[in-house]
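Student: The following block contains the structure, expressed as structure tokens.
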Amino acid sequence: MAYRNRNLASQTQRPLAPTAPRRRPVVTPQISDRSRLRGFANVGSGPCHPLTDRAANQHLQTYEANVKGSFELIVPFLKRISALQHDQDFVSKCQSLARSELGFDLPSHLLEQAWVRALDMRALFAWCVFQSHQHVSDHFFQEDPLQGGEGSIQAKHFQSFLVDCGFHLLDVSPCADGRLAHTIAYALRIPFSSVRRRSHAGALFDVEKTVNRWIKTEHRRYREGVPNSADSPTRYLKVVTYHFSSLDPSHQGCAAHGSDDALAASAGQQRLLDFRESVENSFCCGASVDLLLIGLDTDTDAIRVHVPAADGSIVLDEWLSAEDLYHETLSLTSDEAMQHIAERVEAIAPKKPDEGMVAFIVKLIANNFSQIDYVKQSHAGPYPDAGHAERFIGVGIGFKEVHLRNLTYFAHLDTVEVGAPDLDVGVKIFKGLNVSRDLPIPVVVRFDYSGQVPGARDRAVTDCYRVNQAIAERYSELFDQGLLHTFLTIRDRDKKDTSEVVGSSLEPVHQEAH
């Protein structure tokens with residue numbers, strides 16, 4: 001296959017610019033309202049809970065429908081051009097259709113082979129997924145469609161609220177399952193820039209790396225007074241979000257824990273306790289952190305909160321269900337509902353809870369009511385896609401722009417060797433989603449870097465190619481059959497710019513002269 005480029009890792013000394021089209025499109029894909037909103041009912045109509053934010057629901061639905069609608073256009077488009085590949089003016093006709101319907105060009109070297117061999121639809125499918133993701137990424141960083149970027153009104157208000165609750169930083173680790181990718185912006189309704197998010201299979205975050213991030217946070221408080229001064233009586237709040245299925249608990253729960261809800265919760269709690277113990281053992285003067293364990297029902301997006309006592313203790317088999325509270329407060333006024341939630345939070349804690357933690361949990365539950373209504377009104381009940389329906393795997397460090405359910409399976413890692421368990425789960429999921437339909441697994445590799453550090457960009461590029469080579473070797477059978485494609489990107493986290501493409505397995509392989 002002429003387009004296969006397995007040895008990208010050996011080319012890190014060159015500029016690494018793919019020869020396939022990379023310019024940002026100037027044509028916006030024409031997605032009809034029907035295509036955009038397929039599967040979505042209007043969330044602006046129908047009865048809601050008094051605490052539900054109707055305007056926010058409408059805004060979030062429009063964003064989700066537009067993004068997912070762009071991915072849904074891919075297969076119908078490819079079916080159309082498949083029927084045209086023997087036309088005399090196929091290449092020009094195909095590119096014109098691609099620009100008008102998808103908003104980007106297709107790789108010319110793949111189209112130009114159509115007269116001598118069948119179109120490589122696997123490669124074209126992967127390319128369309130990658131470019132659609134780039135559209136989403138560009139729009140996210142340039143326009144802040146979720147209105148939660150750094151400096152936004154929502155982010156400022158939430159940070160002020162967080163400090164009032166007694167916390168200076170919120171660090172959340174959801175499961176890497178794509179059904180939790182929307183945890184922050186949708187399920188919890190928190191501005192994305194106000195949260196440090198790292199997803200891991202089973203929500204089993206790396207304790208050592210989290211301790212290092214805690215150290216950097218406390219050091220910055222001491223040196224710069226950001227987000228507040230080191231002498232302020234606030235704490236670092238670490239949250240684990242595991243997941244479960246209320247409709248099919250034995251099959252649609254967390255794959256990393258064998259769909260065992262109790263195991264998912266206990267493993268998350270243990271990882272939290274290990275983190276706190278590591279901080280307390282390593283630093284003196286009462287250094288510690290606050291912990292919170294949350295479960296998310298992937299069928300309804302309702303959360304359940306294991307309310308901790310002031311000393312951090314929780315009872316694993318006791319939690320507060322947002323779904324239950326939603327129904328308990330449905331006939332109350334908004335003020336009465338908030339009061340009822342607060343009373344229930346305090347009552348279920350094993351011992352007297354911290355006042356700031358109570359206020360924080362009350363807000364999360366109240367926010368979650370909007371998401372409960374969002375799911376009910378968008379889909380007339382639970383999500384129709386109870387299982388996995390992700391569009392691509394995201395590998396590496398980054399993906400700040402992904403905040404939609406079932407869009408991306410995350411595998412946050414520095415090396416494939418260390419992150420193999422997360423990545424293996426993702427590949428297994430996509431064997432069922434894509435390979436079973438003879439479609440490839442699209443893998444976007446991303447490494448964010450700090451542009452303020454000399455040489456950081458070059459190291460990020462090297463990391464991309466190193467991980468790409470490791471993926472090609474670990475999944476060589478899929479890779480060699482064109483059933484796994486990679487797209488390499490980097491991004492300067494110190495800027496609001498979008499990601500930069502530095503390579504792809506879809507680049508043409510140039511034959512050496514003899």
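Placement of Cβ uses the backbone N, Cα and C atoms for every residue, glycine included.
Computed from a predicted structure; not experimentally measured.
Found this in Swiss-Prot, in case it helps:
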{"type": "ACT_SITE", "residues": "ASP177", "note": "active site, proton acceptor"}
{"type": "BINDING", "residues": "CYS175, HIS243, CYS254", "note": "Zn(2+) binding site"}
{"type": "REGION", "residues": "1-27", "note": "region 'Disordered'"}
Student: State the Cα to Cα distance, in Å, between ASP177 (active site, proton acceptor) and CYS254 (Zn(2+) binding site), rounded to an integer.
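Tutor: Cα of ASP177 (active site, proton acceptor) to Cα of CYS254 (Zn(2+) binding site) measures 8 Å after rounding.
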Student: Report the residues of the chain - excluding CYS175, HIS243, CYS254 - with C-beta within 8 Å of the mean position of the site's C-beta atoms, for the recorded Zn(2+) site, in sequence order.
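Tutor: Apart from CYS175, HIS243, CYS254, the close residues are PRO174, ASP177, ARG179, LEU180, GLY202, ALA203, THR241, TYR242, PHE244, GLY253, ALA255, ALA256, HIS257, ALA264, LEU296, THR298.
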Student: With every protein chain in view, how many other Cβ atoms are within 10 Å of the Cβ of CYS175 (Zn(2+) binding site)?
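Tutor: Result for CYS175 (Zn(2+) binding site): 30 neighbouring Cβ atoms inside 10 Å.
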